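Working notes, beginning with the structure itself.
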Amino acid sequence: MAPMGIRLSPLGMAVFCLLGLGVLYHLYSGFLAGRFAFFMLGEPEAARGAAGAVDLRELLAVCVEAAARGGAEVRRVREGNVLNEKAKGKTREGAEEKLTSGDLLSNRRMFHLLRAAFPGVQINSEEHVDAADQETVTWDRSIPEDIKSKIQSKEVPAESVTVWIDPLDATQEYTEDLRQYVTTMVCVAVNGKPVIGVIHKPFSAYTAWAMVDGGSNIKARSSYNEKTPRIIVSRSHAGKVEQVARQTFGNKTVIIPAGGAGYKVLALLDVPEENQEEADVYIHVTYIKKWDICAGNAVLRALGGHMTTLAGEEITYTGSDGNEGGLIASINMNHKALIEKLPNLEKTSHK
């Protein structure tokens, strides 16, 4: 009941209510419109992925796109013969590390695409990205049909995700025009475990991808030889591995020198390319960077294979960017037995 002497006019009440509704509309219309747009179109704002969940199927799709875009730059630079080659330092073994325009331009394309699509996800890349470089890159969020048909959406916390980029694997071979060894790679690790791997060959446009507990567009080969395996190794390590391997498996063991970690992992799988060599085991006996091996590790895990240190330890993709213990990779073989047969290689990795 109104206080004595004061009468509430119905017209006044109506005006008051309309004013209140106007204020509420002003405050919340933008929010409601944004939520409606998200419902209808998918969240468009640049901050998607900055907090909350990341859809691994979407992330796989953009990783495949990033590897292809980086590969296009790698191919363009090599075919135009404008490498602008220079040294960026030395490896622990004293070999000169090369840097080319292909490395830098591929890295720029790959990094900015991934950053634009998932700005809140940590990205580790082999090459430095200039903080002043604010290239505008867009991704239409379309998912290729082969990924749609094989992979279900799966969300994980954004803070658990680390993306590893190798914008040009096998730079040394790239400068020598040994194109078959060159790849661009992207890997996604969740809580340090590799779960998505993409390996793209720029000069043939072949791309292998796989997601752990998801699916893949590549398969393992049907036959392997455990007694006298074909072992693929870095060109500079062939001598170190050959002696130990032949002492262990016999003189018929084949050692395959090759460039690029991505190429070596593909050698373990069923790759429909004439210039792709085949091997049963991949061994690396010295320190190696994680962006070189993360994608291959994820692909092998997705297909039931293994990549560990030479001592048999799992490789974690968090923290430092290097793996100290060398590696041994295999698929459809007794991985533990391989490690036990090659104990001297583990000692070699620390030399």
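A Cβ is built for glycine as well, from the same backbone N, Cα and C atoms used for every other residue.
Model, not experiment: these values are computed from the prediction.
Among the features that TrEMBL reports, Mg(2+) binding site is placed at Glu126, Asp166, Leu168, Asp169, Asp292.
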- request: Give me the non-local Cβ neighbours of Asp166 (Mg(2+) binding site): same chain, 6+ apart in sequence, Cβ-Cβ under 8 Å, ordered along the sequence.
  value: Ser125, Glu126, Thr183, Thr184, Met185, Val186, Ala261, Gly262, Trp291, Asp292, Ala295
Message: Neighbours of the Mg(2+) site Glu126, Asp166, Leu168, Asp169, Asp292: Cβ within 8 Å of the Cβ centroid, same chain, sequence order.
response: Ile165, Pro167, Ala170, Thr171, Thr183, Thr184, Met185, Ala261, Gly262, Lys289, Trp291
Field: Which of Glu126, Asp169, Asp292, the listed binding-site residues, has fewest other Cβ atoms within 10 Å
entry: Glu126
